[in-house]
Amino acid sequence: MDIFSNCPGFCPSCGSILPELQVKGNVFCCNCKQEFQPDVYSGEKSEFTIHFNTYDPSKVFNRTKRESESDADGPVVERKCPKCNHDKMSYATLQLRSADEGQTVFFTCLKCKFKESENS
């Protein structure tokens, strides 16, 4: 009994959505396990749009040094860098040890990019 025979892409027997049409072979309904000819997709249209990435060499080769707070790797705190004595560093935290111990804080100098860690 073909209740859904006028709906392309749907199983004519149970109304389930049929899987995509392959290059070869028939289509099998995943719900009722029946096999159908590829003409169950007749009347269905598919459109594809391909977007290619644009190549801009100025973005690749002309990278500037990150020195401002807006370009920091995380939140910024007032902490003196032991290497260059700059007064601001960004930080990130990770739980590297067991759950009942404190987390590890990684600091990065905004000026010289020196990294240090502290177990809290």
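The chain as shown is numbered from 1 upward.
Keep in mind that glycine also has a Cβ here, set from the backbone N, Cα and C atoms.
In the shown protein chains, 23 other C-beta atoms lie within 10 A of the C-beta of CYS11 (Zn(2+) 1 binding site). The feature Zn(2+) 1 binding site is assigned by TrEMBL to CYS11, CYS14, CYS29, CYS32.
Here TrEMBL flags 11-32 as zinc finger. The average pLDDT computed over the zinc finger (11-32) stands at 85.
Per TrEMBL, the feature domain 'TFIIS-type' maps to 77-117.
The Cβ of CYS81 (Zn(2+) 2 binding site) lies under 8 Å from the Cβ of ASP87, MET89, CYS109, LYS111, CYS112, PHE114, each on the same chain and at least six residues away in sequence. According to TrEMBL, the Zn(2+) 2 binding site annotation covers CYS81, CYS84, CYS109, CYS112.
Reported as a whole number, the C-alpha separation between CYS29 (Zn(2+) 1 binding site) and CYS84 (Zn(2+) 2 binding site) equals 68 Å. Between CYS11 (Zn(2+) 1 binding site) and CYS84 (Zn(2+) 2 binding site), the C-alpha separation comes to 70 Å.
Each of the binding-site residues CYS14, CYS29, CYS32, CYS84 was scored by the number of other CB atoms within 10 Å of its CB, and the largest score is that of CYS29.
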